[in-house]
Amino acid sequence: MNTKRIPGFQWAMMIFIFFIVAYALPIILKDLQSSVPFKDFVFDMSTLAPFIAAFICIAIFSHRGTQLASLKLTISLKVIERAILALILPLIIFIIAMVCFNIFSDSFVLLQTKDLSVSISSIIIGQIVMAFLVELGFRSYLQHIVETKMNTFFASIIVGFMYAIWNVNIAFSFDFAIYSFLYSFAFSMIIGELIRATKGRTIYIATLFHFAMSFGLVFLFNEELGEVFAMKVIALSTAAVAILYILISLIIRTILYFFTKRNLDEVEENNYLDHVNDTDEDLTDVGDEYNVSETDETHHSANVNAATAETSSEVQDKEDPTDRHHESNASDQDNQYNSTEDTAHEDDSRANIISENTPSPSSNDSTKVDAKHSDSRANSAVEASTEKAHPESDQDEVKVNSRYTSNRQSSVVSDARTTIDEESDESSRHLSSESDDVTQQDNQPLDTADSSNADYERSPFDLKSKRGHRS
């Protein structure tokens, strides 16, 4: 059976249109027969109808490659074998018909055709052309289209009925029409079996068989004159040979299939025996595929689980050192912060102890120690008291100290320099500074408290600077 499928609706329309055109055209072509200088048995115009119908279907329908697949003109060994058989079968049919004609009739006379006034070569050429046109339409095109949906045997039956309806001669009696129909159907069945498994090389075989049968009927029998007995003998002989040939062919193919274990695809393509065990094989294949798919899914799931476990372990391993690192950094930061706070509190306590244990400022050494360890605010208070005693000589120093007091961002170096200058001035004017020391002792506790708070608010850099000046 042909594997190339045509859509069902298009398939039905192709067969229907072919048959309608092939059946209706002879009505028109018969009127043109008188314009052709040939007799009917030399060239019949109605034989153009199947060729025209096939051409129309190929032109209007799609899948042209599939439609033309059975119109191959190449030759193979099987084609030669079937061509020889196509010449032998008509000979067998005619032998049987002539024997029956002699048995059931008074006599059989060769060349019973009347009015045979044309050359033999003209008859041969005309019969070959007519056979080619008819078989190109019915066998090379129509039967191939039907075989795309069914087996060759059943396709031959359908095409045989259509060909018999198209070729039946109803110009004479009813009995003659019945035998004519039987002859055409058996004729088509033989051709269908001959072209089986030829892979599209059908035209040679069908044309040879058609030509041999038509040529023998022209010369050997007078059925064209309406003789019912002649038509009956020809029809029965053809039907008997068709049945015998199909049965023998079926038996041979069955033997080759069951006993030689050969694949029928090598014997012939469209054998219905090919599809006997298709269901069981399909079920087996589906079961195997299902089992394979389940096994693959199981392996895949196992691999996925293993990969997930490995990934989770790696992530955990990476997270543990990271957490430890963050914890260590946090602990280091806490320790550093605590040490900074301890250092700040220690400096504050030292400042308080120094301020509490400071002796009376009667000597220059005690004044120097107080000047080194006092804050900027204590220095400003000393400068203010000094300014009152010496407003004119120390005006520049007072401006510097006032600028330092307002901004609170002067460097420790400038404070030390100012303190040294103050000490030199105080040593020269000791008497005048004694009176001011009393005031300084009164304000010193307040200034020391403010200095401790300021030291607590300043950055570690300022604390380190203070530590440097305590040497």
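Glycine is no exception: its Cβ is also placed from the backbone N, Cα and C atoms.
Feature annotation from Swiss-Prot assigns transmembrane segment to 9-29 (among others); the stated evidence is sequence analysis.
Distant neighbours of the transmembrane segment (41-61): 10, 13-14, 17-19, 21-26, 29-30, 32-33, 67-68, 113, 118, 122-123, 126-127, 129-130, 133-134, 136-138, 140-142, 166, 218, 224; these residues of the same chain sit at least 6 beyond its ends, with a Cβ under 8 Å from one of its Cβ atoms. For 41-61 (among others), the entry in Swiss-Prot reads transmembrane segment.
Below 8 angstroms of C-beta separation, residues 190, 194, 205-206, 208-209, 212-213, 216, 220-221, 229-230, 233-234, 236-238, 240-241, 245 of the same chain, each at least six residues beyond the ends of the transmembrane segment (84-104), sit close to that stretch. What Swiss-Prot records for 84-104 (among others) is transmembrane segment, and it gives sequence analysis as the kind of evidence.
Only residues 6 or more beyond the boundaries of the transmembrane segment (118-138), in the same chain, are considered here, and those with a CB under 8 A from a CB of the stretch are 18, 22, 38-39, 41-44, 47-54, 71, 159, 162-163, 166, 188, 191, 202-203, 206-208, 210-211, 214-215, 218. Marked as transmembrane segment by Swiss-Prot on the basis of sequence analysis: 118-138 (among others).
Feature annotation from Swiss-Prot assigns transmembrane segment to 152-172 (among others).
The transmembrane segment annotation in Swiss-Prot covers 175-195 (among others) and is backed by sequence analysis.
Swiss-Prot lists 202-222 (among others) with the feature transmembrane segment.
Positions annotated as transmembrane segment by Swiss-Prot, on the basis of sequence analysis: 239-259 (among others).
The annotation region 'Disordered' is assigned in Swiss-Prot to 294-471.
Per Swiss-Prot, the feature compositional bias 'Polar residues' maps to 301-314 (among others).
Annotated compositional bias 'Basic and acidic residues' per Swiss-Prot: 315-329 (among others), in sequence order.
Sequence annotations record features per position, and here Swiss-Prot assigns compositional bias 'Polar residues' to 330-341 (among others).
Under the heading compositional bias 'Polar residues', Swiss-Prot lists 352-366 (among others).
Under the heading compositional bias 'Basic and acidic residues', Swiss-Prot lists 367-376 (among others).
The compositional bias 'Basic and acidic residues' feature in Swiss-Prot is assigned to 385-400 (among others).
Per Swiss-Prot, compositional bias 'Polar residues' is recorded for 402-417 (among others).
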Against the transmembrane segment (152-172), which of these stretches has the most C-beta pairs under 8 Å: 9-29, 202-222, 239-259? 9-29
Going along the chain, which residues at least six beyond the ends of the transmembrane segment (9-29) come within the CB cut-off of under 8 Å? 45-46, 48-50, 52-54, 56-57, 60-63, 67, 137-138, 141-142, 145-146, 148-149, 162, 165-166
